[in-house]
Amino acid sequence: MYLNWIDYAVIALLLCFGWFIGTYFTVTLFIPKFRQIECASIYSYLERRFSLTVRIAVTINFILIIVTVNLYGPSLALSQVTGLNLWLTISACGLICTLYTSIGGMKAVIWTDVIQSIIMFLGVILSIVFGFMDSGGVRKVFEIASAGDRLNLPSLSLNPSIRYTVFGLMVGSSLYAIAGMAVLQISAQRYLCVKSTRAAQGVAWLGYIFTLMTLLLSSLVALILYAKYSQCDPFRAKIIKKPDQIYPFFVIQTFGRYPGFTGLFIGSILSASLSTVSSGINSITTVILEDIYKRISIFPSISGEREALISKILSSIFGILTTLIAFLMSYFENNISVIVYQVVGSLTPPILSVFLLGFFAPRVNSRVS
């Protein structure tokens, strides 16, 4: 059956521990540094430490990362559940997300994140509860998973050519967590908008708790899907066109008879992605305004009204760009998570490396970085 790494429960547990290590370093090393900067964008540190060129280069790299985290996933799920045209659902999701982000700004992003998180976790938890019931109970699901080697410990080898090893997962997830939580504006903007360093550190640990819950709940969902379809994979049987459609297909097939459950699932999927996309659009707007416009414009000093207008325009532009990329991704054959991890895994290490050089290598100058 075609599933991703998340259907291996032990791997999910190792990733949780790796994220704990990454969160610890974010809280103890990066957050105090960023709080000292006292500015809207963390990339302003790079200009102080290195040069304007480094700052702009990292900012562009960050923008490339964020525009790949797009609306295709929830739009695909919405299309699968409702039967609506995929391009129509992409357009609708993109329009809604762009409107409330450009009009409401950071405040709208924060409050919608709160509501969307509640809906997301409620939908996933209910699908797990009913999924266990439909599959014969918790014990039955884990028996099938064990028989399919889904509960085995990954290889203990240090060979880097092996895809999943304990060492590789621990190191990789730790670095991925640091990169995602510490040096991307989408996360750092949350640390900068609270009143104190202690509060910012609390935000980071709260983010880890939500990441932990997301990984564990996703793993349980994947185990249920494996138990349900291990003998008849709907993707290989050509019942669904893409592996990403398996979860919506499971919901329709199993819970479609329960009034309201399909709607809650749609809300859960949309909430999971729209919160990420809206945060991304808002953070892109911030870094372009702070790191590019104000640094290279002939009018670096602008009024509050003009800054708000520029922010709305930038939010609209990148909302449209994100929607267009979602259209493009509909032609890709790979799993969504594979594409995202490949892009993020390629572009975040340079950003993390520049910050680490700035913190720990005082002799390194802008040319080397």
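Cβ from N, Cα, C; glycine included.
Features as listed in TrEMBL:
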type     : residues : note
TRANSMEM : 6-31     : transmembrane segment
TRANSMEM : 52-72    : transmembrane segment
TRANSMEM : 84-102   : transmembrane segment
TRANSMEM : 114-133  : transmembrane segment
TRANSMEM : 162-184  : transmembrane segment
TRANSMEM : 205-227  : transmembrane segment
TRANSMEM : 264-289  : transmembrane segment
TRANSMEM : 309-332  : transmembrane segment
TRANSMEM : 338-361  : transmembrane segment
Counting a contact as 3 or more Cβ pairs under 8 Å, with residues at least 6 apart in sequence, do the transmembrane segment (6-31) and the transmembrane segment (205-227) touch? yes
Long-range neighbours of the transmembrane segment (162-184), counting only residues six or more past its ends (CB under 8 A): 5, 8, 11, 14-15, 17-19, 21-23, 25-26, 29-31, 42, 62, 65-66, 153-156, 204, 207-208, 211, 283, 344-345, 348-349, 351-352, 355
Which stretch, 84-102, 114-133, 264-289, 309-332, tops the Cβ pairs under 8 Å count with the transmembrane segment (205-227)? 114-133
Of 84-102, 114-133, 264-289, whichever stretch has the most CB pairs under 8 A to the transmembrane segment (309-332): 84-102
